[in-house]
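I have placed the structure first, in the form of structure tokens, so that the comments after it can refer back to it.
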Amino acid sequence: MGAKKKGISVENLATELSKSANDIKVRLGELGITFTSIKSVIADENAQKVRDYFNPPRLKKKASKIIRKSDIEAAQIESAKSDTDGAAETRVTAVAVQMLAKQQQEQKAQEEKVLRQAEENAAALLSAAEHKEKSAKQSAPPAETGQPATAVQPETVPAKPNIHLKKERVFRSEKTFVDREANLHKLFNQKPKKNRSRYKKMKLQEKMQEIPPVDTAPPPTEITLVEKRLSLQDFALAAKRPLTEIMGALLKAGLLITINQKIDPDIAKKIGELIGVTVQTDFSETEDSKIKYELTMLESSEVEDKPEDLFLRPPIVTIMGHVDHGKTKLLDAIRSSRVVEGEVGGITQHIGAYQVEVKGKKITFLDTPGHEAFTALRARGAQVTDIVVLVVAANDGIKPQTVEAIAHAKAAGVPIIVAINKIDLPDADIQRVKQQLTEHELVPEDWGGKTVCCEISAKQKIGLDNLLEMILLVADMEALQANPSKKAQGIIIEAHLSKRRGPVATVLVKGGTLRKGDPYVIGTTYGRVRAMFDDLGQEVKEAGPSRPVEIIGITEVPRAGELFQVHASERDARVLAERRQAEQKDQLLASKRAMTLSSLSKALNTGDKKTLNVLLKGDVQGSLEAITASIGKIQHEKVSINIVHSGTGSISESDVMLAKASEAVILAFTVEADSPAALLAKNEEVEIRHYNIIYKLLEDLELALNGLLGPEYEEVQLGKAEVRNVFKSSKAGAIAGAFVTEGVLRKNADKVMLYRGNKQLVETTFASLKRFKDDVKEVALNYECGFTLEKFNEYAVGDVLVVFARREKARVS
């Protein structure tokens with residue numbers, strides 16, 4: 001004890017135990033150990049107390065039982081001191097036997113105590129009989145010792161220290177007991193170990209007998225196809241040929257067909273010829289055709305209307321005409337709302353549907369753009385409309401767009417009401433307009449024809465009442481009727497993506513009554529109507545025939561012009577939508593032609609055909625369709641335009657990545673790119689062009705086409721110089737010293753020509769261009785310089801140097 005105590009700081013002890021210093025400080029306080037800071041050093045015995053608290057020495061008791069023979073040796077030594085001669089050795093042996101017996105007996109008693117406690121916990125898992133038998137066995141005295149448990153212990157042996165079983169030791173004993181019981185049951189239920197290998201061999205032989213033998217039969221030489229379109233992988237399975245064999249035969253034949261690509265019977269027969277298989281077809285009624293028949297019956301939800309179920313419905317009116325002839329002004333005057341003052345370029349950018357009430361009767365107006373680029377939208381509008389109001393400016397007469405509108409209306413078979421607008425202008429000529437109408441088989445009523453003509457002024461609101469009365473009169477003559485009691489059907493006239501409400505679509509109900517919560521199908525999408533709003537933004541619970549409503553609750557933005565159908569249940573809607581998706585995918589795969597390697601190589605090598613890839617983004621679907629139709633009209637001899645993707649809403653990061661992968665230009669119509677997409681486009685060098693007038697977009701697109709053609713170049717003279725001295729050089733041979741007399745000399749000029757008198761000596765490029773021994777890129781007018789030319793070294797004083805650059809020649813289309 002005289003040696004200096006060693007110790008450990010509180011901080012190091014916390015690090016050793018992976019504990020915080022605060023935990024160590026709290027424990028030291030509980031033990032009554034004083035310290036000043038975490039740098040204080042505490043004695044090793046105090047540190048050991050803390051270690052024992054956080055890391056209990058669980059194995060110490062077991063170790064003490066293992067080394068307890070040392071107690072016997074100590075007892076032998078003590079006995080040897082007190083006894084004499086040979087009797088001492090005999091007594092020590094007896095004491096050892098008694099001590100071992102006592103130790104084993106106490107250990108057994110402790111184990112029995114633990115077992116009883118574990119048995120109480122596992123009583124629910126044991127049967128009553130097992131529990132009783134186990135209690136009887138545990139109450140029996142141990143048979144391992146040869147002496148009774150009450151044997152007298154010699155006084156010379158020191159008292160055995162008490163064994164304090166900690167809680168962890170009890171839990172370990174319980175787990176050992178439960179594991180022991182489980183192992184016993186497992187051992188009783190198992191077969192002898194020496195027989196288990198034989199048993200496994202027997203089971204393995206039985207399984208080997210169950211495995212079907214390998215089909216060594218040759219593949220069939222004739223197969224019958226029962227589906228009109230199947231994938232190449234399915235064909236390989238039907239022919240029982242490896243897919244690699246079929247792909248190899250196709251490659252040898254110069255055909256590229258993917259394993260999932262759908263092939264028709266003709267291609268299947270050609271593949272069969274390549275691999276030596278005769279392909280026959282049998283498209284009789286199969287289970288798949290039955291499903292198609294059921295889906296067809298499900299899809300044809302149109303029921304024949306009974307006469308007693310039909311009621312008059314409001315007419316659907318489409319306003320058409322030339323740009324700036326007053327179509328939107330007319331709608332604005334009818335609705336007494338100037339909703340179109342802010343539109344760009346005088347062009348209505350999307351289709352809107354509105355319903356107004358006149359003398360107790362309702363009229364639905366469908367506004368289609370009057371621009372010639374919106375031909376497809378006009379055709380679609382005529383298909384859903386009942387009456388066409390053709391707006392013609394009295395001071396401008398009939399224009400090409402007016403003629404197109406007349407053609408679409410006649411093709412749809414709907415009556416036409418001519419509204420001669422702007423009659424308040426001084427240069428208005430109504431008679432000239434009527435004369436022009438007769439040239440297109442539209443004879444006014446006052447001229448003996450059947451075409452209703454109304455003279456109006458949308459700006460001054462003149463003649464509007466007469467126009468509305470004529471619309472109602474024509475509607476009564478047409479006897480427009482619908483059944484409001486059946487499931488609703490309609491047409492998607494507009495759709496867009498709202499940041500607040502998600503995908504939104506405007507539905508014009510053609511028949512039935514649309515209610516909130518109805519399950520529906522739009523093309524390949526389905527869902528339930530979550531909410532409906534009218535043209536004033538007010539929520540409605542139901543919409544009857546000829547009423548336009550804006551619905552939310554759709555999963556994606558549908559295409560304008562798609563059919564809207566309500567079904568009995570959401571399950572029916574889902575089945576129909578999923579089937580349409582599968583058919584659309586099959587049609588897409590089937591429409592892809594198999595490309596031959598020779599044609600692919602020819603297209604890559606010649607480079608005659610070039611393609612401009614475009615990605616379109618717009619505010620509404622109607623604008624995108626109009627732009628697509630206009631782009632389709634652009635024809636060029638050597639350049640084609642490929643629209644890789646079109647969609648509504650702002651430009652996203654996925655749009656930029658798609659444009660990057662397809663080397664496309666993004667054309668954005670009245671939409672912006674969000675911040676991450678704009679940053680990504682800048683980093684990836686993807687061009688985004690923004691437009692709000694379609695004419696400008698198409699004009700830039702045509703200019704881009706000219707940029708893709710093989711450019712025509714012209715030579716432009718940059719400058720002239722006169723050689724005034726020639727210097728000899730051991731490295732360059734000769735260096736010409738010159739003075740710039742015109743323009744500028746540039747080192748990277750495309751062509752340099754040297755003249756002597758009127759004779760051209762050489763056509764080459766600069767090898768070097770210097771000023772005062774320094775290399776320069778260009779030399780300006782009235783400066784001296786020195787130069788050398790490629791593959792020429794014979795300069796003379798008086799030579800004239802002319803420098804040219806090649807520039808792309810602007811195309812005149």
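Placement of Cβ uses the backbone N, Cα and C atoms for every residue, glycine included.
Taking TrEMBL as the reference, the stretch among 127-154, 183-210 described by the feature region 'Disordered' is residues 127-154.
The 10 Å shell around the Cβ of K327 (GTP binding site) contains 28 further Cβ atoms across the protein chains shown. The Cβ of I423 (GTP binding site) lies under 8 Å from the Cβ of A394, I430, E455, I456, S457, I462, G463, each of these being in the same chain and 6 or more residues away along the sequence. Confidence over the domain 'Tr-type G' (312-480), given as mean pLDDT on the 0 to 100 scale, stands at 79.
Cβ neighbour density within 10 Å is lowest for D324 among the binding-site residues G321, D324.
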